[in-house]
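Right, one structure below, let's go through it.
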Amino acid sequence: MWKWLHPYAKPERAYQLCSTLQPYFFWPAVLCILVGSVWGLAFAPQDYQQGDSFRIIYIHVPSAILSMSTYVAMAVAALVGIVWQWRTAFMAMIAMAPVGAVVTFIALFTGAAWGKPMWGTWWVWDARLTSELILLFLYLGVMSLYGAFEDKQQAGKAAGVMALVGVVNVPIIHYSVEWWNTLHQGATISKFDKPSIAPEMLWPLLIALLGFALFIAAVTVMRMKNEIIRREYHRPWVKEMVQSAKETNHAV
Amino acid sequence: MNPRRQRRLAAVGGAGLLIVGAVALMLFALTDNIDLFYTPSEIVEGKDGVKPTVGQRLRIGGMVVPGSVSRDSESLEVTFKLIDTGPQVTVTYAGILPDLFREGQGIVATGVLAEAGVIQAEEVLAKHDEEYMPPELAEQMKGIKHVKPSEGSYE
C-alpha cells in the first residue's frame, strides 16, 4: 500500500519532490495570507464585546492551531525515521522544528498582546498558556538535541525520540480548556459543534488558516532542500545538479 | 514489514503507551493544582470537602451578578458579587478594572479570603467567551448592546 512512498527515502527523489511542490505551496500561501489578513483586519465586522481588538484572532488562531499540527507532522517524520530508518525522514523532521518553533512563538506573542487589553494581563499560568509554552520548549529541545550530535543520523534518532515523547503534550493543549478551569476561553472553530463565530468573521479566518498552513509547508520544503544539500553535498548527484545549473547559467 | 522494523515499531509503541500513562496519572493527581481558580460555590461549600480558610490566597472565577457592582464615589474602591450556579461571593477591589469588565461578564480575581464569602482582590482579570459576532447580530440574538469601554457605566 505504501510502496509508492519508498522511492522518496532517497534524498535525490525527495529533493526533486520538494522542488516540484515548492511553487504550489508558496504562491497560494502568499495569496491566502494577503486575502485573509486584509479581509479580516479591514473588512470583517467588529466583535460585539471586544470591538476591533478581536481582529488579532486572524493571526493568533491560525498560528496556534498550526503550531500543534506542525508538531504532529514533525513527530510523524520522527516515527518514520526511527522505525524505517529513513535519513530523509529525519531531514524533514529537523526542517519542520524551527518553523514550528517560530509559529508557536507567534501564537504566544499575539496571545499576550491580545490578553493585555482584553483580560487585563500579558500572561497567566493557566493550563492552556503553560502547555503552549511547553510546546515551544519541546521544539527548542528537538532543535538543540539535533545540533548537539556530530553524527547527524545519531542526532536524528535522539531528537526523534524527544519529538515523539512530546506528542503527549498536543492533546493536553487542545483539551486544557475543557479539562481545567482556565482564563483562556474554549474552542471556537476546532470542535465538532457548529463554530461559535459569525460566518462573515469565520471565512477570512479559514482563509488565513489555509494560508498559514501552505506557508509553513513552503518554508518546510525550502528548508528540507537545504538540509538535503548540506548532508549530501559530496554525493555525485548534487555535483551533477550544480554542474548543470552552472551550464544553464552560462548559456543565459 | 521485516522483523527488525516490527521490533522497532513495537518498542516505540510500548514506550509511547508508558509515557501517555505516566502523564495521564500525573495530570490526574495534579488536577486541583492545575485549575486556575475556585468557583464561588467551591469557596462557600468547599472543594472535595476542603473549604478555603480565611486569610488564604486564592483565585476565584465567576460571573459578575448584574446590579451588584457598586463603586465608591471617593476612590477606586469597587465591590461586586460573583456567582456560578450556587451561592454568591462578594469581591472588593481597589484599582482599574479591565476593559471587558461589565455586569454579566465572566472574571477571574486573585486575592485573599478576608472573611467567609468575601474576597479582597488584588488583581481582576476579565474572561471572555469563545463566541464572536458582529454587534448587530449580538443585539438581535442576545439582547446585548455593545458598549465601548470608555462609555461604559457600572452604576
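Glycine is no exception: its Cβ is also placed from the backbone N, Cα and C atoms.
Caution: TrEMBL annotation is automatic and unverified by curators.
Residues annotated as topological domain 'Cytoplasmic' in TrEMBL: B:1-8. Model confidence over the topological domain 'Cytoplasmic' (B:1-8) stands at 83, taken as the mean pLDDT rounded to a whole number.
For B:9-30, the entry in TrEMBL reads transmembrane segment.
Per DSSP, the secondary structure of the topological domain 'Extracellular' (B:30-155) breaks down as 22 helix, 47 strand, 57 coil. Positions annotated as topological domain 'Extracellular' by TrEMBL: B:30-155.
Summarising the environment of B:HIS128 (heme binding site), the number of other Cβ atoms within 10 Å of its Cβ, over all protein chains shown, is 22. According to TrEMBL, the heme binding site annotation covers B:HIS128, B:TYR132.
Sequence-distant contacts of the topological domain 'Cytoplasmic' (B:1-8) (same chain, at least 6 residues past either end, Cβ-Cβ under 8 Å): none.
For B:TYR132 (heme binding site), applying a Cβ distance below 8 Å and a minimum sequence separation of six or more within one chain yields no residues. Across the topological domain 'Cytoplasmic' (B:1-8), DSSP assigns 6 helix, 0 strand, 2 coil.
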